[in-house]
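One structure is given here, and the rest of the page talks about it.
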Number of protein chains: 6
Amino acid sequence: MNLAIFFTLSLLASISHAIVEDYCVGDLTLPKTLAGYACKDPSKVTVDDFIFTGFRVAGTTTNIYKNHLNLAFANAFPGLNGLGISMARIDLGVGGVVPIHTHRTSEVFLCVKGRIIAGIIDTNNTAYYKTLEVGDVMIFPQALLHFQVNAGDTPALAFVSLNSPNPGLQVIDDSLFAGNLPSELVEKIMLLDPEQVKKLKKALGGSN
Amino acid sequence: MNLAIFFTLSLLASISHAIVEDYCVGDLTLPKTLAGYACKDPSKVTVDDFIFTGFRVAGTTTNIYKNHLNLAFANAFPGLNGLGISMARIDLGVGGVVPIHTHRTSEVFLCVKGRIIAGIIDTNNTAYYKTLEVGDVMIFPQALLHFQVNAGDTPALAFVSLNSPNPGLQVIDDSLFAGNLPSELVEKIMLLDPEQVKKLKKALGGSN
Amino acid sequence: MNLAIFFTLSLLASISHAIVEDYCVGDLTLPKTLAGYACKDPSKVTVDDFIFTGFRVAGTTTNIYKNHLNLAFANAFPGLNGLGISMARIDLGVGGVVPIHTHRTSEVFLCVKGRIIAGIIDTNNTAYYKTLEVGDVMIFPQALLHFQVNAGDTPALAFVSLNSPNPGLQVIDDSLFAGNLPSELVEKIMLLDPEQVKKLKKALGGSN
Amino acid sequence: MNLAIFFTLSLLASISHAIVEDYCVGDLTLPKTLAGYACKDPSKVTVDDFIFTGFRVAGTTTNIYKNHLNLAFANAFPGLNGLGISMARIDLGVGGVVPIHTHRTSEVFLCVKGRIIAGIIDTNNTAYYKTLEVGDVMIFPQALLHFQVNAGDTPALAFVSLNSPNPGLQVIDDSLFAGNLPSELVEKIMLLDPEQVKKLKKALGGSN
Amino acid sequence: MNLAIFFTLSLLASISHAIVEDYCVGDLTLPKTLAGYACKDPSKVTVDDFIFTGFRVAGTTTNIYKNHLNLAFANAFPGLNGLGISMARIDLGVGGVVPIHTHRTSEVFLCVKGRIIAGIIDTNNTAYYKTLEVGDVMIFPQALLHFQVNAGDTPALAFVSLNSPNPGLQVIDDSLFAGNLPSELVEKIMLLDPEQVKKLKKALGGSN
Amino acid sequence: MNLAIFFTLSLLASISHAIVEDYCVGDLTLPKTLAGYACKDPSKVTVDDFIFTGFRVAGTTTNIYKNHLNLAFANAFPGLNGLGISMARIDLGVGGVVPIHTHRTSEVFLCVKGRIIAGIIDTNNTAYYKTLEVGDVMIFPQALLHFQVNAGDTPALAFVSLNSPNPGLQVIDDSLFAGNLPSELVEKIMLLDPEQVKKLKKALGGSN
């Protein structure tokens with residue numbers, strides 16, 4: 001190990017259970033850490049680091065869920081890095097859904113256009129759901145399963161905020177049917193019929 | 001309610017270093033604690049506890065700042081209680097401002113209508129500010145001073161989210177000129193001229 | 001002060017973003033809070049409050065999952081209240097599974113008898129799974145989907161620990177098929193066929 | 001259970017992983033919780049709740065350690081309740097010590113009068129110690145064993161601050177020799193000779 | 001140091017939700033992260049890393065505020081790094097003030113010499129202020145505006161402790177009048193008269 | 001960018017006051033930080049990173065305490081890094097003890113073989129102790145002194161879990177008698193007789 005590397009090795013780290021700098025704009029060219037990105041050199045920070053302009057236009061809703069999720073998480077909006085909050089723009093086509101999912105942190109959901117059925121399920125298996133009108137907000141508590149369904153005849157639009165810069169969105173269908181989990185295990189741990197698993201693996205692109 | 005019960009009601013403490021229940025809808029009839037409200041009886045929770053409908057209509061912008069802040073904090077939206085997040089609707093009339101202020105937690109600000117100059121000042125006294133267009137988001141890091149000014153010829157609208165159910169909004173002008181801090185102290189701790197203090201105390205309603 | 005009030009005074013719970021008492025044994029006769037139970041009167045705490053003896057015997061594994069989960073969470077072991085940790089004993093019959101599930105906090109899983117396939121799925125839909133032998137430990141990171149399957153011809157036994165006194169166990173199948181979420185919504189938010197939903201609703205006892 | 005009590009029972013609770021009120025002055029007449037005291041009625045808070053005047057005079061240093069610890073923790077200074085910080089005044093007579101001890105949180109120690117040997121021991125059993133002069137500060141990291149010894153011929157004085165309103169001071173000698181732990185167990189878990197244990201139990205007042 | 005190393009040095013991130021090492025003395029030659037400094041090589045840590053001797057002498061109080069703030073934050077006292085606490089020595093000349101300011105964390109203030117008027121303003125614009133005598137302590141809750149004024153005819157001295165190694169001190173006057181925020185914006189977001197802004201910009205050195 | 005630098009780039013650690021990645025397997029070839037290890041390159045993570053197989057065999061109990069502590073902390077089981085939990089296997093020979101000790105976090109202790117006396121001492125110097133049978137669990141609250149003693153005529157076995165990946169185990173005897181703390185200081189800060197200190201320093205290997 002040469003000296004330069006040794007020197008470099010000695011600088012890693014840090015810590016704290018609370019924010020100890022004003023901000024820490026993430027540097028996307030550097031490796032991600034459990035807490036997000038390393039800080040960009042403060043002398044190169046500009047006002048544009050604190051602003052995200054990616055929500056100006058609607059997304060296309062042509063996937064199987066007829067939705068488009070535009071996630072302003074820390075990788076897309078590095079100014080959020082370390083600050084405990086993020087946003088997303090959600091476009092739902094007619095018949096569109098955000099399939100049942102979960103994440104590490106709580107979320108507020110603001111309906112901006114259309115009518116949207118939104119719901120949560122708690123750990124007693126009780127579902128709470130209702131149709132939201134324009135201007136309505138729903139809270140989805142930390143880590144609970146929840147979903148949204150376009151309830152109208154026109155496209156719907158929502159903006160959400162979550163209290164983490166990288167909330168860890170986990171869509172149940174994608175976890176089961178779009179990845180590498182073997183069909184045999186999916187059947188056992190979900191009690192699903194083999195044909196149903198096969199059908200959804202095909203639809204969502206998972207391996208067998 | 002007799003005295004003994006009233007006495008009892010005043011002692012509910014609380015708080016936690018991690019969420020250990022699914023949710024804790026606040027009961028507004030009970031005393032607030034450092035961590036927010038006591039939990040509503042879970043058997044009486046309905047879907048409406050998780051939904052806030054108060055943002056449907058615009059606020060009037062006739063105060064001295066020509067703004068209207070509709071705060072969906074835990075006292076107005078008790079379903080947020082304990083979940084670490086909240087929202088607000090901000091209407092700015094022509095010439096309207098959100099005067100310089102601070103709060104305990106970070107904020108994301110989404111411009112929904114009009115054009116808004118938004119800015120932060122860091123602890124090195126460097127200001128970062130820019131005009132936001134519709135759809136743009138700005139992040140205001142925890143506890144730093146920040147402000148917004150309507151930059152257009154029409155009313156502007158924004159929605160914000162903060163990572164606390166009760167972020168503790170502190171407006172500098174209101175702290176100095178709308179409360180009970182004596183003019184003599186205001187002058188000393190701000191280096192302001194007596195006439196300036198007198199003028200603003202009168203405009204904002206503070207005592208002398 | 002009458003007895004009723006005295007009784008009431010003793011139940012004030014609480015908890016903090018940092019532990020500020022040595023311990024806070026939960027009082028199960030009092031209402032739960034978001035942070036767990038109110039503290040038992042310290043003068044009545046005995047060594048038995050710090051000890052749980054409920055794991056001495058195996059559970060019967062006759063449910064549909066052929067498992068038995070004995071949860072030493074704060075409601076069963078009130079001494080854990082506020083201390084950020086809990087345990088469970090997991091008995092798996094031949095062919096038994098712990099179906100895919102999630103919880104708010106991380107978990108360590110110790111295989112004590114038999115052979116158990118255990119796995120996690122991350123938010124990129126990648127599954128990591130393997131057969132554990134006696135003495136092996138697997139870590140399931142916070143909030144990620146995971147599962148266990150008895151891989152042998154004999155009953156299996158495991159002990160787990162989670163870093164919350166009430167981790168909020170949410171079993172996907174139970175959330176979808178054992179509660180009140182209407183079949184029509186389950187179909188939409190999971191892309192499942194109506195017959196599959198009907199079959200599992202019947203098996204797990206959910207309403208239609 | 002009458003109605004008043006039922007009503008009372010329904011209000012317990014609360015929670016949060018962060019401060020969500022400006023302050024929460026503790027009410028000492030009410031039961032303590034894991035997070036400290038319940039909040040005093042805000043309408044009755046005065047400036048005196050934020051001020052502690054108990055440090056004005058020196059303590060007498062006539063105990064076996066020749067020290068006097070004046071602890072401004074939340075029970076003595078209720079305004080600290082929930083705010084994550086506290087103080088103490090430490091008087092050391094000639095030959096006085098603060099015997100080796102630990103607490104849940106970190107501490108800064110300011111030498112105001114005299115000369116004091118202060119030290120910590122880390123988890124690798126390495127001791128770091130030195131003589132502090134007037135005006136010097138030493139940091140004792142969270143939960144590590146540490147101690148102070150008057151190094152001069154005159155009384156010494158220090159002020160300390162800890163980042164918890166109730167840090168949980170645990171003095172090793174007092175834990176072993178001043179309480180109810182049987183001598184036989186003390187000998188086994190410390191490898192101490194029976195005569196040594198007997199001598200210190202007698203000096204510090206512990207049972208046998 | 002070549003470019004590659006420099007590039008490497010700029011990426012050190014960090015932070016944590018709990019201390020997982022005994023200590024992490026900051027290395028000032030390395031880039032700061034959101035959580036403070038990277039750890040110094042533990043094998044090179046000595047007792048002097050845990051001690052700060054910079055408070056032995058008084059500061060000169062010749063600035064416009066007639067104060068001198070000697071901040072023992074992590075950059076000046078790297079042993080504090082990651083430990084959630086810091087200190088400062090405050091000298092106030094006759095007529096001296098610490099102008100109204102705020103920071104991310106709570107503070108305890110100990111009056112050691114002289115008489116000092118200290119006060120806080122809460123988010124309801126209520127000010128709490130009083131004159132402190134030698135030995136008195138005042139608590140300033142997290143993020144609230146507060147100030148101190150020398151109330152006597154002699155210099156005053158105080159020591160403070162804050163529960164962060166880098167609390168983020170933000171002085172309102174400096175933020176408004178000593179930095180780059182344009183006068184026109186200052187006037188709008190503070191409702192101040194142009195002459196007043198001009199006068200203070202000149203006195204404090206801000207740009208126009 | 002050369003290989004050495006690339007290698008360096010991959011080690012940047014971090015961690016957060018909230019988990020913001022799914023996991024962060026520690027890279028043991030890199031320097032530790034206050035929050036643990038830097039993350040291993042995610043593309044090289046395999047299922048084996050989440051599994052620890054070191055508990056399969058018993059440890060030898062031939063040291064002075066007749067115990068063997070097999071610690072599955074983050075340095076031995078890097079998959080725990082950043083996840084707030086760890087485990088240990090404890091073998092106690094006949095007459096074996098885990099001498100009185102403390103750590104930064106809470107612990108659950110599961111007796112798997114034999115009979116074990118376990119106890120805690122709180123900050124009021126009250127000891128709580130009892131003999132555990134096979135299957136019993138005891139909770140040791142954060143930072144309190146505690147101990148275990150084999151109460152039977154056969155070897156005993158326990159598994160424990162702690163809510164930190166690196167809890168900071170500090171054994172009082174080792175701190176006092178196995179390290180570099182001078183005997184004179186040990187005597188003063190423990191009130192121990194010089195012969196007792198000499199005897200234990202010799203037994204445990206400390207310097208004089």
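Yeah, the Cβs are placed from backbone N, Cα and C, and that goes for glycine too.
Computed from a predicted structure; not experimentally measured.
Annotated features, as they stand in TrEMBL:
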| type | residues | note |
| --- | --- | --- |
| SIGNAL | D:1-18 | signal peptide |
| DISULFID | D:Cys24-D:Cys39 | disulfide bond |
| DOMAIN | D:53-198 | domain 'Cupin type-1' |
| BINDING | D:His101, D:His103, D:Glu107, D:His146 | Mn(2+) binding site |
| BINDING | D:His103, D:Glu107 | oxalate binding site |
Ranked by the number of other Cβ atoms within 10 Å of their own Cβ, which of the binding-site residues D:His101, D:His103, D:His146 ranks first?
D:His146
Helix, strand, coil: count each for the residues of the domain 'Cupin type-1' (D:53-198), based on DSSP.
22 helix, 57 strand, 67 coil
Counting other Cβ atoms within 10 Å of each Cβ, which of the disulfide-bonded residues D:Cys24, D:Cys39 scores lowest?
D:Cys39
Can you list the residues of the same chain, besides D:His101, D:His103, D:Glu107, D:His146, whose Cβ falls within 8 Å of the Mn(2+) site's Cβ centroid?
D:Thr102, D:Phe140, D:Leu144, D:Leu145, D:Leu162, D:Pro167, D:Leu169
Under 8 Å Cβ to Cβ from D:Glu107 (Mn(2+) binding site), same chain, six or more residues apart: give me those in sequence order, or none if nothing qualifies.
D:Ile139, D:Phe140, D:His146, D:Val160, D:Ser161, D:Leu162, D:Pro167
How long is the line from the C-alpha of D:His103 (Mn(2+) binding site) to the C-alpha of D:Cys24 (disulfide bond), rounded to the nearest angstrom?
23
Measuring Cα to Cα, how many Å separate D:Cys39 (disulfide bond) from D:His101 (Mn(2+) binding site)?
31
Across the whole of the domain 'Cupin type-1' (D:53-198), what does the mean pLDDT come to? Round it, please.
97
Cα separation, D:His101 (Mn(2+) binding site) to D:Cys24 (disulfide bond) (Å, whole number):
29
Under 8 Å Cβ-Cβ to anything in chain F: which of these recorded positions pass, D:Cys24, D:Cys39, D:His101, D:His103, D:Glu107, D:His146?
D:His103
Do the recorded positions D:Cys24, D:Cys39, D:Glu107 include any whose Cβ comes within less than 8 Å of a Cβ in chain B, and which?
D:Cys24, D:Cys39
Can you tell me the three-state DSSP label for D:Cys24 (disulfide bond)?
coil
